[in-house]
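Features as listed in Swiss-Prot:
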COMPBIAS  22-33  compositional bias 'Low complexity'
MOD_RES   Lys5  N6-methylated lysine
MOD_RES   Lys10  N6-acetyllysine
MOD_RES   Lys10  N6-methylated lysine
MOD_RES   Ser11  phosphoserine
MOD_RES   Lys15  N6-acetyllysine
MOD_RES   Lys24  N6-acetyllysine
MOD_RES   Lys28  N6-methylated lysine
MOD_RES   Lys37  N6-methylated lysine
MOD_RES   Lys80  N6-methylated lysine
REGION    1-42  region 'Disordered'
Amino acid sequence: MARTKQTARKSTGGKAPRKQLATKAAAKSAPATGGVKKPHRYRPGTVALREIRRYQKSTELLIRKLPFQRLVREIAQDFKTDLRFQSSAVLALQEASEAYLVGLFEDTNLCAIHAKRVTIMPKDIQLARRIRGERA
């Protein structure tokens, strides 16, 4: 079932207010908490949607530079030892990698939506790659 947007509605009626006796008795028997306030929590999905909007607006790289550079050097080590990289080359690789991943996740999300889900799964990534012709 598709999710629909919830809107606040004014209550038109319901239970009558309780008598004060029950609340006074409960307040006397319960120990004083000293006014400890619960930390504010957003509803599930609110922060995720905010992050989606934030990262769609931004253009900065999302993977940290040094861990990515170590990964590039580790992969390059398998092909040839003692390779040196210009910083601009590593940056170009990172830009291309992030652009590829963003596109893959967009297609993956479309696959999940097509399956009437809102959660992406490994099978969505596999389907997206298969449709693209990257993996048989």
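Every residue, even glycine, has its Cβ placed from backbone N, Cα and C.
Positions of the features from Swiss-Prot, shown on the structure.
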| residue | record | Cβ within 10 Å |
| --- | --- | --- |
| Lys5 | N6-methylated lysine | 4 |
| Lys37 | N6-methylated lysine | 6 |
| Lys80 | N6-methylated lysine | 7 |
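Reported as a whole number, the C-alpha separation between Lys37 (N6-methylated lysine) and Lys5 (N6-methylated lysine) equals 30 Å.
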